[in-house]
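Notes follow the structure.
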Amino acid sequence: MDSPPPSSRVYENIFQSLPIIQNAAPPSPPEPLSWQDDVGLSLCFVAILTLTAVANVFFCIPRRSDPASPAASEGVSEAQQGLRQKEGRVDTHALTGLRGFAALHVALGHYCAISPVHVDLIGGASMSFFYLLSGFVMTLGYAKDLVAADSSSNLANFNKRRFWRNRFARLFPMYMLTNIVYFLVLHFSWQGPGMLSSTNFDWNLALTFLGLNMWIYPLDAWLPTDAVCCQHQVALPSNFVTWTVQTMAVFYIVFPYMLPWLKAVKRRRLVIHMLFWLQAVTFLSIVSFGVFALKNFNVGYWSARAWPLSRIPVFAMGCLAAVERIHGGGHVTCRFRTADAGGEARRWGWRASVLGACYVLILTAGVVLNEVPVKSATFARLRDPVIRSLLEALVPLLFIDLILALTHCGESGILARVCRSKPMEWMGDIAMSFYMVHFSVILIVSMFVPQHLQAVSWWMVVGSFALAMLLGWLLTRFFEDPCRKCLRA
């Protein structure tokens, strides 16, 4: 009997975390840890998670310093302050289109994996881009003057309540709407036995509405599985993809407390590299422990990528990159010099295009390696976790340089012109709503065919993708924007 393609095996594992129905019996889940029989492994996993959380929080949110003290502006000359004031607004126009590309990559990754070709585009590799971009634009939008290196700004002026209200208005309405709608569809359309009456389903529904699934997800390592409902005691939210909202919520909580640190850091490029290696080591450590020690890829992988306290360094990298850009910086890895301003813009555009092409090539190599048939069962089992984890852990530094380059190049360069085009600008504007509905659309459509996700055809994939785009636009214009304006008022 032929084994299923690697991508379908991966998504079978992912679907175990969703409250959806599959006619085929899922693979046997790994045995949970026991504090009595596996005390060593249990203590090691707790230690890894604790060290990750403590290191991330301690490194990114150190002891608060006096925001008005002379130390905050030490080493900054009047000429440098004048240069910063003349620099003006940072051009982030191309980043809207780049956000649209990232949303398309994630969505196409999901759709292609469950399409007849079963090719996994590893859309998860682009998730760190959203964390970085969130930190970058948030620092520019809310704290540009506060984190600048002059003594006249006062961090005490930052209005935390207003900031948190604005973030709540941005994400909460769509989060609640998509989760409620998907639950109602399940409630009224599913006729099979067991799942909707499962206590575990009610438990995960409560966690979804409280936004706590990903905060306590690592507990799955010790909890028994539930074959009736979701396989996991702590599943992903009802609307699978909204786990990102729960993860990013911690960024918004800690952002106001990061401002003194963002202002005080002098060697920003060095610290960005330190943050990069901190997140890469902790990410790969958690995944490796899950794969090799717990024999449970899901717990290790989702704890590494979605547990909120594990991803703070990626967000902090974006924040520090914004501070570096405010002070005129534009690179984190390697620099170049040009003789004139026009040549500089062209070089930045060339740099952005090359970085974008490098990401596509790296991604393509990962997809191809993941799909090549192999004879070794052990290698086949470990190949996808290794490729997926390495991509997610190592691409944030490339994204940082790409974001910075696009803010310098104006309309120079192929990638900058594409990102600034009207279609990509529109895609970036609806990216959040589109992202939140795209997976629910294909899941709902698949409920009306006999074998659900095992029988998805091309017309269902293309039709669902077009419908998700339309819903993303309608929800952005007639629900997300009005709700945000109303809640901010």
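Every residue gets a Cβ built from N, Cα and C, even glycine.
Any TrEMBL annotation is an automated prediction that lacks curation.
Residues or ranges marked as domain 'Acyltransferase 3' by TrEMBL: 93-477.
Per TrEMBL, region 'Disordered' is recorded for 67-87.
Taken from TrEMBL, the feature transmembrane segment applies to 39-61 (among others).
Residues of the same chain lying 6 or more positions beyond the ends of the transmembrane segment (129-147) and with a Cβ under 8 Å from any Cβ of it are 90, 92, 95, 98-99, 102, 153-155, 157-158, 163, 244, 248, 251, 255, 259, 262-263, 311, 314-319, 321-323, 325-326, 396, 399-400, 403. The annotation transmembrane segment is assigned in TrEMBL to 129-147 (among others).
Within its own chain, the transmembrane segment (168-190) is flanked in space by residues 19-21, 196, 205, 208-209, 211, 237-239, 242, 245, 248-249, 432-433, 436-437, 440, 443-444, 447, 475, 479-480, 483-484, 486-488, which lie at least six positions past its ends and keep a Cβ under 8 Å from the stretch. Residues or ranges marked as transmembrane segment in TrEMBL: 168-190 (among others).
The transmembrane segment annotation in TrEMBL covers 243-262 (among others).
According to TrEMBL, the feature transmembrane segment maps to 274-294 (among others).
Beyond the transmembrane segment (306-327), the same-chain residues lying 6 or more positions past its ends with a Cβ under 8 Å from any Cβ of the stretch are 49, 52-53, 56-57, 59-60, 80, 84, 87, 90, 128, 131-140, 144, 147-149, 214-215, 217-218, 243-244, 246-251, 254-255, 258, 262-263, 265, 268-269, 271-272, 275-276, 278-279, 282-283, 286, 396, 400, 403-404, 407. If you look up TrEMBL, you'll see 306-327 (among others) marked as transmembrane segment.
Tertiary neighbourhood of the transmembrane segment (348-369): same-chain residues 94, 119-122, 125, 330, 336, 383, 387-388, 390-391, 395, 398-399, 401-402, 405-406, 408-416, selected by CB-CB distance under 8 Å and a gap of 6+ residues from either end. According to TrEMBL, the feature transmembrane segment maps to 348-369 (among others).
Only residues 6 or more beyond the boundaries of the transmembrane segment (389-409), in the same chain, are considered here, and those with a CB under 8 A from a CB of the stretch are 90-92, 94-95, 98, 122, 124-125, 127-129, 131-133, 136, 272-273, 276, 279-280, 283-284, 287-288, 301, 304-305, 314, 317-318, 321, 324-325, 329-333, 344-346, 348-349, 351-352, 355-356, 358-359, 362-363, 366, 415-416, 419. Under the heading transmembrane segment, TrEMBL lists 389-409 (among others).
The transmembrane segment annotation in TrEMBL covers 430-449 (among others). Here the transmembrane segment (430-449) has Cβ contacts under 8 Å with residues 18, 20-21, 99-100, 102-103, 106-107, 110-111, 114, 171, 174-175, 178, 181-182, 185, 189-190, 239-242, 244, 455-456, 460-461, 463-465, 467-469, 471-473, 475-476, 479-480 of the same chain, all six or more residues outside its ends.
Here TrEMBL flags 455-475 (among others) as transmembrane segment. Beyond the ends of the transmembrane segment (455-475), by six or more residues, the same chain brings 107, 111, 114-116, 174, 177, 426, 430-431, 433-435, 437-438, 441-442, 445-446, 449 to within a C-beta distance below 8 angstroms of the stretch.
Here the transmembrane segment (243-262) has long-range neighbours at 57, 60-62, 64-65, 67, 127, 130-131, 134-135, 138-139, 142-143, 146-147, 155, 158, 160, 163-164, 167, 171, 175, 211-215, 236-237, 306-309, 311-312, 315-316, 319-320, 323, 435, meaning same-chain residues at least 6 beyond its ends whose C-beta is under 8 angstroms from one of its own.
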